[in-house]
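Database features, via TrEMBL:
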TRANSMEM  85-103  transmembrane segment
TRANSMEM  109-128  transmembrane segment
TRANSMEM  196-218  transmembrane segment
TRANSMEM  224-245  transmembrane segment
TRANSMEM  341-367  transmembrane segment
TRANSMEM  387-411  transmembrane segment
TRANSMEM  423-444  transmembrane segment
TRANSMEM  464-487  transmembrane segment
TRANSMEM  499-524  transmembrane segment
TRANSMEM  544-564  transmembrane segment
Amino acid sequence: MEQEMVEKMRGEVREGDQEKWVYDSSVDHKGRVPPRASTGVWKAALFIITIEFSERLCFFGLSTNLITYLTKVIHQDLKTAAKNVNYWSGVTTMLPLIGGFLADSYTGRFSMILLSSTVYLMGLGLLIMSRFIPSLKPCEADTSCQHTSKVHEVTFFLAMYFISVATGGYKPCLESFGADQFDDDHREERKKKMSYFNWWNFALCCGLVLGVTVVVYVQDYVSWGFADIILTIALAITIIIFYFGRPFYRYRMPQGSPLTPMLQVVVAAMKKRHLPYPSSPALLYEVPKPHKSHGRLLNHTKTLRFLDKAAIIEGNEHLSDDKKSSSWRLTTVTRVEELKLILNMVPIWLTSLAFGTCVAQSATFFIKQSSAMNRKIGHHFEIPPAAIYTLTATGMIIAVTVYDKVLVPVLRRATGNERGITILQRIGFGMIFSVLSMAIAALVERRRLSMAINRAVSMSVFWLAPQFMLLGVGDAFTLVGLQEYFYDQVPDSMRSLGIAFYLSVMGVGNFLSSFLITIVNHVTEKASGNSWFGQDLNTSRVDHFYWLLSAINGLNIFVFVVLSRRYSYKNVQRGVGDDQVESMA
């Protein structure tokens with residue numbers, strides 16, 4: 001009943017001043033049609049970006065130094081520690097699939113963010129307890145020990161996986177909730193939305209920089225527990241700020257499981273598999289525009305034609321308003337096209353995984369390289385191993401700023417595309433930098449290993465700058481492009497899941513990295529008797545592993561280019577009252 005009232009109001013509004021009201025299926029905090037002037041866009045998005053900043057501060061402050069904690073405090077060997085980091089990172093970036101589904105289907109994004117905030121604070125609180133309560137500390141005494149207590153190990157991993165669960169709700173909802181504040185059918189708001197993803201990642205990188213410098217420094221040279229207290233206070237403050245932004249937000253109401261309409265398309269297409277195709281796509285069934293109540297309609301595309309049969313109208317199907325055919329027998333063109341969107345994403349998702357394996361190295365082997373190199377600045381100050389990770393954020397911040405402020409305006413004039421270049425072109429361009437990063441990492445590691453074997457003077461940690469910076473530039477193109485792609489190209493009712501699909505690229509990339517380590521370890525040990533992964537970095541051949549990743553990513557780019565050239569973007573119907581400028585992805 002409430003949804004019907006909103007739609008009735010929305011219909012009246014559309015006949016009025018379209019600049020005054022927002023009719024993109026969103027509501028304000030009182031469940032009414034949102035006024036354009038007082039809700040949404042940057043005034044709302046900044047509240048959401050604030051909590052993203054603190055969440056990334058916490059996440060990178062914990063994750064970047066995780067391998068150091070596992071090897072130095074819990075005393076795991078390099079291979080086991082790298083696997084545990086990859087497993088935790090993989091789970092953390094796969095859980096958003098569940099969080100995104102629940103948010104889109106039942107809770108809504110705002111409620112899921114508040115619930116995740118509670119779980120996140122619980123995880124941080126458990127970490128603090130494991131540092132300060134004597135029975136939960138790594139060692140019974142305050143001195144270091146060679147064997148960490150099992151109680152501490154269990155408590156520590158339990159706390160970290162609490163944070164994983166919280167991230168599973170945060171990551172698909174925060175970014176998509178921020179993007180919801182911009183109306184796709186309004187020219188100016190649509191352009192602002194294209195910049196939103198760039199500046200979202202700018203804030204993310206700022207949190208990352210502070211996390212891997214200030215927080216990591218406190219962890220290494222002051223106290224792990226004190227660092228956890230800092231993170232908890234920072235997150236709690238921004239959660240309160242986020243809550244106070246309620247009056248400015250535009251909200252999307254959950255519409256039930258997005259999987260049901262897709263299953264209906266498959267069932268209806270199977271039932272009508274013997275029917276001939278109509279002479280024109282215009283003869284396929286669609287909701288009349290005056291009666292549309294669930295968002296934008298999609299135009300018909302020529303791909304995956306078998307699914308079109310779900311929208312074929314049979315002679316005995318009565319389509320009057322008082323007696324509509326079952327959705328399991330007849331579905332709209334929009335529902336068919338939404339399923340096509342998801343199926344067309346699968347090849348793009350698969351060819352993005354190789355990039356995810358490269359990103360996984362920055363939190364494992366890159367950091368271990370840093371710990372084995374000369375990190376002194378001057379005679380007395382030594383930077384923590386994980387602090388070198390700031391170079392990735394630096395590369396990303398520079399690339400995002402240049403891309404948004406310099407390249408996009410120039411490319412818009414040159415190509416006529418609102419984005420400058422298409423989303424997939426942006427993603428593919430960033431993949432090139434991942435190949436270069438892995439190749440340079442291999443050369444630097446080979447040089448470092450040679451000097452370590454010959455007991456020469458230790459290399460400066462800043463030799464790692466090129467590989468970190470190049471990976472950061474690649475992130476600015478590929479990761480930001482993937483975020484925009486999976487948010488923009490999924491059905492409108494699956495925006496949280498769309499961001500979760502992007503995160504799953506990183507999650508599966510971490511799992512693939514662990515799988516590759518296991519396979520390579522087994523093959524090299526069996527072939528030569530010496531594994532590429534020894535007890536520590538100086539007994540390993542990580543440079544060979546980097547060359548392998550570089551080759552895999554180089555081949556993957558060719559496959560990605562072929563797929564992207566054949567890709568069909570979402571094609572939204574534009575009505576008479578809508579902005580007539582076509583959004584070219």
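Positions of Cβ are set from backbone N, Cα and C atoms, glycine also.
A contact between the transmembrane segment (423-444) and the transmembrane segment (464-487) is present, since 3 or more of their C-beta pairs, 6 or more residues apart, lie under 8 Å. The transmembrane segment (85-103) and the transmembrane segment (341-367) are in contact, since at least 3 Cβ pairs between them lie under 8 Å (pairs 6 or more apart in sequence). Against the transmembrane segment (196-218), stretch 387-411 has more CB pairs under 8 A than any other of 224-245, 341-367, 387-411, 499-524. Only residues 6 or more beyond the boundaries of the transmembrane segment (341-367), in the same chain, are considered here, and those with a CB under 8 A from a CB of the stretch are 63-68, 82, 85-86, 89, 262, 303-304, 385-386, 388-389, 392, 424, 427, 430-431, 434, 437-438, 441, 464, 467-468, 471, 474-475, 478-479, 482, 485-486, 489-491, 501, 504-510, 512-513, 516, 537, 542, 545-546, 549, 552-553, 556, 559-560, 563-564, 567-568, 570. Within the chain carrying the transmembrane segment (464-487), a Cβ under 8 angstroms from the stretch's Cβ atoms is held by residues 175-176, 179, 194, 197-198, 200-201, 345, 348, 352, 355, 358-359, 362, 366, 369-370, 373, 388-389, 391-400, 403, 423-424, 426-427, 429-434, 436-438, 440-441, 444, 495, 498-499, 501-502, 505, 585, all 6 or more beyond its ends. No contact links the transmembrane segment (499-524) to the transmembrane segment (387-411), because fewer than 3 Cβ pairs that are 6 or more residues apart lie under 8 A.
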